[in-house]
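What TrEMBL says about this protein:
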TRANSMEM  B:12-33  transmembrane segment
TRANSMEM  B:39-60  transmembrane segment
TRANSMEM  B:81-106  transmembrane segment
TRANSMEM  B:118-138  transmembrane segment
TRANSMEM  B:147-167  transmembrane segment
TRANSMEM  B:187-208  transmembrane segment
TRANSMEM  B:220-243  transmembrane segment
TRANSMEM  B:271-295  transmembrane segment
TRANSMEM  B:307-325  transmembrane segment
TRANSMEM  B:337-359  transmembrane segment
Amino acid sequence: MKRTFLLVLTMLLVVLMITGCWNRRELNELSIVGAIGIDKEPGADQYMFSVQVINQGVISSKGGGEGIGQASVTTFEMETSSMFEGMRRLTTVSPRKLYLAHMRMLILSEEVAKEGVGPILDLFSRDHEYRPDFYVIVTKDTKAGDVLKQFTQIEKVPANKLFSSLEMSEKHWAPTVAVRLDEVEASLVSLGKQPVLTGVMVRGDERAGESEKALQRLEPPAYVVYTGIGVFRGDKLVGWLNEEESKGYNYIADNVKSTVGPLACPQKGEVILEMIRSSSNVQAKFQNGKPQIQIKIKAEGNVGEVLCDVDLQDPKTIEKLERNGEQRIKQIIQRAVDKAQHQYRSDIFGFGEVIHREDAKYWKKIQGEWDEVFPHVPVVVDVDLQIRRTGTKVNSYLTEMRKAREKAKEQK
Amino acid sequence: MDNGKISGHQLMILTMLFTMGSSILVVPSGLAGTVQQDAWLPVVVGIVVTLALSWFYLYIGSLYPDRTLVEIIEKLFGRWVGAPITLLFIVVAFCVGSGSCLYYLGDFMTTQIMPETPIQYFHLLYILLLIQGTRLGLETLARSAEILFPFFLLLVIAFIIFVSPQIETDRLQPMLEAEFKPILQSTLSYVSFSGFPLIFMLMLTPACTDRGKRLQKKFLLGNLIGGLLILITTILCVLVLGVDATSRSMYPNYALARKINLFNFINRIEVIMAIIWFVSLFFKIVVYFYAGVLAMAQLLRIENYRVLTFPFGMMLYVLSLMVYPDSSFMRHWDSTIWVPLIATFGLVFPLLFVAVAIGKKFLTR
Amino acid sequence: MAAFTVLAAALAVAWIEVPSLRKRKRRKELWVFAFFLCVATGLNVLKALDVEIPNLFQPINAVYKPVSDLIEGMLK
Amino acid sequence: MRFRKSKEPQKHKHATDHRSQHEHEQVPVTQTQVTPGLQDRIEETAKLLGGSTDLGIRTFRLGPAGELLIGVLFLDGLVDQARVQDVQETLSLQAEKEGFAKQALKEQAVIEWAQNAITVGDVKRATDLQAAAQSLVSGETVILFDGCQELLSVTTSAPEHRAVSEPVTQTVIRGPQEAFTETLRVNTSLVRRKIKDPNLWMETKQIGKVTKTDVAIMYINGLVKESVLQELHARMDRIQIDGILESGYIEELIREQRYAVFPTVNNTERPDVVAAALLEGRVAVFIDGTPFVLLMPTVFIQFFQAAEDYYHLSDFGVLRLLRLTSFFLALLAPSLYIAITTFHQEMLPTSLLISLAAQREGIPFPAFAEALMMEITFELLREAGIRMPRAVGTAISIVGALVLGQAAVQAGLVSPAMVIIVSITAINSFVFPNYAISIATRVLRFPLMLLAATFGIFGIIVGMLALLFHLTSIRSFGVPYLTPFSPFVWGDQKDALVRWPREVRVGQKGGKAE
């Protein structure tokens, strides 16, 4: 036993000694990448690969000190023909090896998306270092590199700003959709579903936003905002949904967690509704062997803001508001479906998959020409909206104002 | 033999780990590739087939209770005919079985976790562990498995709970779309990973203190639990990753573990989850290795198999690096040649044994 | 270098096993051990010297390829 | 009273006499015959002790007429002077009273008379001066009679010993505050007082060729496993050693695995722990000269069972889980830190990663070297803290705190996070109720760190598996080390990971006491 013990021990030591440490990376040898942007000039055959590297020292230095005067992130750019090459070639610029596991955003420029994202995404799912938890977005009217270069207020790391802003807006506002890489891939492969990506743009003076002076101003010269959803056909970007249509898309895709929307008052003016819950159920029904898509939305909301004279104490009013709201949601959805069916001819809602689930045999027959069938599939929308609460107040002061006036008049 | 005795409970755990072994890492991917969202179906059928097979193997074992597979072969065929058959079994258990499973480990480590580390060092480290375990004897191994079992289950349950929020039930639909032939093919592939290799457990069963019905119960139960765990992970893979990502992943379970994200807090713990596969893979390899070494010792009629562990460990090192030149060869080989190969040893030979045994009984009467 | 490492490992293994076997006068086990150690060392040295070792899977392939094709044909 | 200090070798001086030939293989002293002349015999005895100056000799005559000449010998300091005085006085009083008839002065009669006369201590008869010397060093008083071959030895020993005091190494808040001392008899009596049962049996052996240390084996007849007892006896008889100075000598010599890092024999300085162990059917080995008593067989989980677990309400027993966690942390904290920060950075939340990375900015050493350095520094400090006189100890701790906590970080040699990790390890390694197990964590921590530095988490897993195999393979007196877990004993689970309430425990078959 003694011999075995000694031998195993020495062998272990020898092994460990000679092995060195291939995969070992000390923390201070890392360049933590926050976001990657990919650009392409129209017609060019090279991509522009930009990375946003977090400047650790600056971020974590408490109360300023040495960090002052340095930007919290650094952006490197490199021309390349393939992603992997670009990533590695960046070592000629960056003092350290890029560390990608903490990447938050992958930003594709509009040009790249229009030419097709196919040649780009593979690396990000094949390389072991990338994790599947970053979001993919597309720029609108701007370059991905420029988005990365904007200084951001409050959140020191722009990539984090993009990340949390996307999550927040998806949760509370709805017209954005946070798409992870594996979802993009799945819809790229699927015959019955097309990918979508949220758009991002820079509002204001891009150049000024790239200077750190931007941080010292109360009103930033430029800021990064999310706008609408980009519609893809295959791997190519074919167009955009505006904010409302994007919301419609999210209603169908069951992405709406909470949102805010106006609805018409019985008379004039609007009531702003806070949607607190929404669930959608998409089904395919067959009539005479032809498929028909039925979308059922069940939503619950609260009255959030009253901008008109309406008597909220009256159950009938609420009922009326509910009907109006249903109408409105229906409209939004219909518009989104219309645009996808007729303008972009891209099944971003996954109706194909719904049909597949419902009737696999029929799907087998048509899956080849689904792109041609899709625009002609009738879509029926059914919305059921319930208004639950009216906030902490009952009637708006607008109503009370009117009532007071009427009373005064009567007294006259 | 001074290997000590193992209890029925311990045998159950070993059987479970052996059933899961490499299958849990590889099976979901292949199944999703052939039968898409119906991947669970072949597993269910496979579990039933595996249970039947286990019953059959135990029947062979019960022909000569207290005897290992090698001794049974010798009893049936005599020393001179039996020896080559035993040798074939040793080659399969030792070279193909433990060699390929070890390669799985190395491949898994180098693709998913530490790509820059040369694969042989993972093998070397595992072989050292293998030799230590085997030398300490079956009893130690079984008891260690017993201790690990609760932790193992805890991890698996945590795994299931952690990924379940991301389940999308749509992904299993449409159900039962797959046709008969692909289902048959993938069932065969499942059985070739989890069913046929169980024949080598016959090297271990004589060490169990339980006999007859009790042994059968434990063995089948272990089998069933292992099978169910594979079933659950397969279904989870499809439900969470979707068919496409499952079939395109080298190790879908690991991809699944990477998806874990609970409250934005419990996340990025796939390396911890990988412990599940390290452990089950280790026990699969060690059972193969132990079976091979013990078979060789019994074939050569030496009392103590321990002298063989170091030389066999060294051979295993070379073999494990040699068996598969690359990972696509591995996938191809596993889905084509491995199936009939292990079927020969898991089905044809056992049938032959039973035939000979019945024939002998008939003749002696 | 690698080959020497292998030899050193083999010597170390022998150092563990042989004395106790000799003390207990297990001649047969000693021979078996020696035989397998030689085979193992040989394999390892060849591997270390980058000599092509015929893959065990080749003959298995040769035997089972037809069977496998047959099964595949049946199931396709 | 005077005698020669003999410088000449004593060997073979009285080789002609064969009457009391007796094998004395251990101490190289010649055999001695008993010669009738009192003076000669006294000198002879003194010579056997090398003329040691602490030998006290008194000769005087007994009887009304001083008929009987006797010599009283004792080793000063080992005996209680008052008792020696007592012996002398009783003898002379008796002699005064009775007087001596002529035939009463015959050899046999004198010895028997004296034996009956002495009322103090335990009186033994011997004929051999060698035995007399042995009696002397054991603290007995030897009485020689003129004209008699036989001699008497009376136990008058009263060596200096410490009073029973509070335990130093295994303290409790609630529970008995007494600890063993260095005296065997005191120790055994402490246990006897707790277990008043005639079935509490004790056997005594003398181990050590030179030291002849008294070793007592204590157990409760009927509860103890015969096989354990036999095995213990066999192993003790096999011991070949000159001296036993502490229980550690015996522990090392009787354990099964020479190379096990984990202690397979428990030790304690608390009588209540020994009593509890005896009631569980274990065997206790008392060694004269040390307050530490060995307990066996010992299993892994025992090192996490503090005496206090049983004195507080059962809710308190949950703390064992905490101690087990501590065990793993003490073992693994540095290796996990190394593995995660150098191999699996993706496991860290982004903000933590950024802050750790910023801390490491400018640190010249790899994390492994950093950890190794700090761990070794800590071990050194700990070692220094134990060895140093108490006054210097505080200085050490101040230096340690400054070096570890402040200066090293400010000098940019180590990162603050590493200091935290080392502190965590340190705190955790002080949690165990028994010091013995923390030695195992200290020894094993370093190979695990090495494995973590080369293979990351995978290395740690392999290391832990190897450790598990080792643990499952070792035994303590035939009992597998991981007993209540593997082999799994359902009944013992009630006092394994958690101490269950007593009603539940007593409900177990056999009503096992604690």
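One is the number of the first residue shown, and numbering goes on along the chain from there.
Glycine is treated like the rest: Cβ placed from N, Cα and C.
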Quiz prompt | Remote residues contacting the transmembrane segment (B:187-208) - C-beta distance under 8 A, at least 6 residues beyond either end | solution = 1, 3-8, 10-11, 14-15, 18-23, 26-27, 30-31, 34, 42-43, 45-46, 49-50, 53-54, 57-58, 60-61, 65-70, 72, 89, 93, 97, 138-139, 215, 218-219, 223, 226-227, 230, 287-288, 290-291, 294-295, 334-335, 338-339, 342-343, 345-347, 349-350
Quiz prompt | Candidates B:12-33, B:220-243, B:271-295; stretch with most C-beta pairs under 8 Å toward the transmembrane segment (B:118-138) | solution = B:271-295
Quiz item: For the transmembrane segment (B:337-359), what are the same-chain contacts with Cβ under 8 Å, counting residues 6+ beyond its ends?
Solution: 53, 56-57, 59-60, 63, 72-73, 76-77, 85, 88-89, 92, 96, 100, 188-189, 192, 195-199
Practice problem: Could you give the residue numbers and ranges of same-chain residues that sit at least 6 residues beyond the transmembrane segment (B:81-106) on either side and whose C-beta is under 8 angstroms from one of its C-beta atoms? | Solution: 21-22, 25-26, 69-70, 73-74, 119-120, 122-123, 126-127, 130, 197, 200, 278, 281, 284-285, 288-289, 291-293, 295-296, 299, 312, 315-316, 319-324, 330, 334, 338, 341-342, 345, 349
Practice problem: Output the single range from B:39-60, B:147-167, B:271-295 maximising the number of Cβ pairs under 8 Å to the transmembrane segment (B:220-243). | Solution: B:39-60
Quiz item: Can you name the far-off residues of the same chain, 6+ from the ends of the transmembrane segment (B:271-295), with a Cβ under 8 Å from a Cβ of it?
Solution: 3, 14, 17-18, 20-22, 24-25, 68-70, 86, 89-90, 93-94, 97-98, 101-102, 104-105, 108, 112-113, 126, 129-130, 133-134, 138, 141, 145, 148, 152, 155-156, 159, 197, 200-201, 203-204, 253-254, 257, 260, 305, 308-309, 312, 316
